[in-house]
Every structure is written in structure tokens, then in C-alpha cells.
């Protein structure tokens, strides 16, 4: 089935979501790197609607600000008081009219808390709606336990005759497993007319959009329903339990697609990816790996176990284990970890080794260079073929400003070297163990700042008499004298 571009899509996002027990509006809670509302709008965008209207209410400032970053062209409609779904639709229509937009053609109504909704399902809903010539087409779903949901009522021929709420349903109707999702495709002109006929004469004093279905059918218009192929797509999120379940389901969907595209996921139950993550073929994701934001993993790379990468690029055939990296670039065939920390601005070229307990921040490390152990690299430019000795520190902060250190190609630095920036170590230069580099080191030079070793015989026995160390020293001295 093919569908035209809808005249408008309305997204209802005005509710408070009290069951979330949160200061944050429900629709702004996130799963897999995107807000609930963001997931819905991403599905809506696949329809390429002429207009998108988001109905806001509770915490409207926060929701509106969020919309500026994820859907800047969306129109916001204010529902000052939450008086029901029908009232929300009326506010959306008024917002469109304020921009001189009269609804003609198909209008889709969605909810802002259904993050598993697929764009393909919305396209099929619109296609079925237009092919059948319906005034309204309900997006329905078949569920194993329909308790609490409105049921889709059909006649003997299978034609939709209406929606009956659970409380009003007969025993026969309660046995029906096809439920109303609260999402619809409407004829825009008819919706604009019928929405003003909705009544708030009910227990809650609210206007319900479901009443529009009965009114349109009563006027002799055709009503239909399109059954979602996956019932989880229409499940809303109302509390933290449902939020966790939605996250699990979406993560499983994303991982399944990665595996079908040629990625090995060793343990899907402990591996988490965001929707904007990209992973190349033959990459391996080990257990307890989290890929967040816009992380990109190259072909053949191995990531994990116990690794968190956020907005990080990993090159082909790189190996990253037990590592946390944020806004970093890891080059092809590089090796990182275990227990490394790459902070924003860390750039590792091809074949770089970053070893155990190494932190890199706002620095470049050239091709084939190694920082193997217990080192902090901050605000540095390290050339190619360099080896940084264990326990070295790039001292980049003078208490007021940060300064850079430059290490030339093929330099070798001894263990426990301190580079007090700003300082430059030339190509092929060496530093001795324990050196504090405060001045530039010319190419090919050896920098040594430590003085001759001073040994004070008998110091422990005199200054720490009776201690285990002193006793051990006395025994060793006695053995030495016996050997003579």
C-alpha cells in the first residue's frame, strides 16, 4: 500500500505523567538515547507530513525547549487545562488555524508516550485509511490481556461499528482482544467539524476523541481499523516499570537488526545501544557493552567487555576493552584498555596502544605510539612511534590556564616523567626516569633532571629501631657478614 503525505500529524504530549513520580515531564524521559517524544516524532517524520503539531501543557516550557532541538519546525499548541483528548485535538486545530491552515486531506493523531511506534506502521495506517475511504481509521492491536482498554467492536462481516470502553463492555465484548491504541487517521475536514460536537458530559468532565468515532459513524461515514503488526508499538509508557520494559524491547529490536546486518553480539541481554549508533560488519560487541549517542564502530572492531562509549568513533579492527570513552576518536587497529578513560577531544591514530589505567583528554596520539601504563595525558600532541613510560603525567594546568605539551616523533620517555606545560620534546628525544621536564628538549637529546642517588647506610635501624624493616635489615647484614 502507498500513502500520500498527511496534511498534518498531531502528537498529544500535554499530560503530566504523575505515575512517573518525576520532576521531568513524562514525554522527556529517555530510552536508547532519545526522549519518548523524540521517538514518536522520528516515526512521524517518516510520513513527511505537511504540518506537525505537538500539543503541550504540563511543563510546557521544558517540552517546547526540547522541541527546538529535535523538531524545530513543529507547531506547538497549548492545552492550558487537560480536558481530554478531544479538547487537545481542538487546541491543535486552533493552532493550525492561527497560521491560516485549514485541514483538508488526512490527519494522523498520535500519542507522545509510545516510543516503540514505527514509521512504517503509520504509513500503512494512512494507506489503509485512504484506500478504504474512511472518515476515521483506528490504529488497533491484538493483545493477550485487553483488560482496561477500549475494545474494537465489529459486526458479523468484520466491519468496525465502534469503540466500547472496558467499563461499559458486555461480557462478550470484554472477550475481544482487539483494542484501541488511541491513535487514528482522520479525514481532516470531517475532524474539524466533529471535534466541536464532542461533549464533556461524563464522569471526568472531559472531551474524548473516541466519541468522534461514534459521531462520524452516526452521520453515516465509514469507520475502519488497521491492526498494528506488533502490539508493542502502541504500548504507552506511564511509569518507570513500563519505561524499563520499553527500553528493553527497543534495545532488543536494535540489536536484532545489528546482528542481521553482520554484527556479533555475544550477550544481547547485557548489551545496550542507542538508536543513532552505527556498527560495521564483523564487529564484535562483548558482554556489558554500552554504545551511546552517535557512536560509530568500524568493521571488524571488538568492543568490550564492560565498555561504555558515548559519541565515540572506533576504527576498523580496533580493540577496546573495559574502557569508558566520551567524544573520542579511536583509530583503526588501535588497542585501548583495559581500564582506560578517553575524555572529550582524545584522538588516537592508527595502531595506537592505550593501556591500563591511562587517561587521555583533549590530546592527539600519533600512529603507532604507545601509552601503556598508569599515565595522564592532557592537552598534548604526541607524534608517531612514541613510547611514554609508565606513571607519566602531562602537567597541563597552572591553576589558571591549561597549556599544551608536544612530543615529537619516535621520542622515548622514561617512567615517572612529568611534562610541565607548555613544553616541547623534540623528535627522537629521550627522558630519564623520574625527570621533570620544565624546558624544551631538543631533537635527539636526553633530558635528565634527577640528581645522583644518595644512599645513607643504617638509616632504618637508627631511625626506625625495632620495626619489622629494621629487624629484616639486621638479619640481612648478619648473613652478609657470615658470608664474608
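Cβ atoms here come from the backbone N, Cα and C positions, even for glycine.
Taken straight from Swiss-Prot:
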type	residues	note
ACT_SITE	373	active site, proton acceptor
BINDING	12-15, 26, 79, 84-85, 150, 165, 180, 238, 343, 361, 376, 387	UDP-N-acetyl-alpha-D-glucosamine binding site
BINDING	113, 238	Mg(2+) binding site
BINDING	390, 396, 397, 415, 433	acetyl-CoA binding site
COMPBIAS	474-484	compositional bias 'Basic and acidic residues'
REGION	1-240	region 'Pyrophosphorylase'
REGION	241-261	region 'Linker'
REGION	262-484	region 'N-acetyltransferase'
REGION	457-484	region 'Disordered'
- For acetyl-CoA: widest Cα to Cα gap among 390, 396, 397, 415, 433 in Å: 22
- In the three-state DSSP scheme, residue 26 (UDP-N-acetyl-alpha-D-glucosamine binding site) belongs to helix
- Could you state the CA-to-CA distance between residue 84 (UDP-N-acetyl-alpha-D-glucosamine binding site) and residue 390 (acetyl-CoA binding site) to the nearest Å? 65
- Query: By DSSP, how many residues in the region 'Linker' (241-261) are helix, how many strand, and how many coil?
  - Reply: 20 helix, 0 strand, 1 coil
- Item | residue 12 (UDP-N-acetyl-alpha-D-glucosamine binding site) and residue 238 (Mg(2+) binding site), distance between Cα atoms, whole Å | 14
- Using DSSP, how many residues in the compositional bias 'Basic and acidic residues' (474-484) fall into helix, strand and coil? 10 helix, 0 strand, 1 coil
- Mean predicted confidence [pLDDT] for the region 'Linker' (241-261): 98
- Item | Integer Å distance between the CA atoms belonging to residue 113 (Mg(2+) binding site) and residue 150 (UDP-N-acetyl-alpha-D-glucosamine binding site) | 18
- Pairwise CA distance, residue 180 (UDP-N-acetyl-alpha-D-glucosamine binding site) versus residue 390 (acetyl-CoA binding site), rounded so that it is a whole Å: 64
- Task: Return the single residue from the binding-site residues list (12, 14, 390) that has the minimum number of other CB atoms within 10 Å.
- Result: 390
- Task: May I ask which residues of the same chain, at least 6 positions away in sequence, place their Cβ under 8 angstroms from the Cβ of the residue listed as 'active site, proton acceptor'?
- Result: 355, 356, 357, 358, 390, 391
- Item | Listed binding-site residues among 113, 415, 433 whose Cα sits within 10 Å of residue 26 (UDP-N-acetyl-alpha-D-glucosamine binding site) | 113
- Item | Candidate with sparsest Cβ neighbourhood (10 Å radius) among 84, 150, the listed binding-site residues | 84
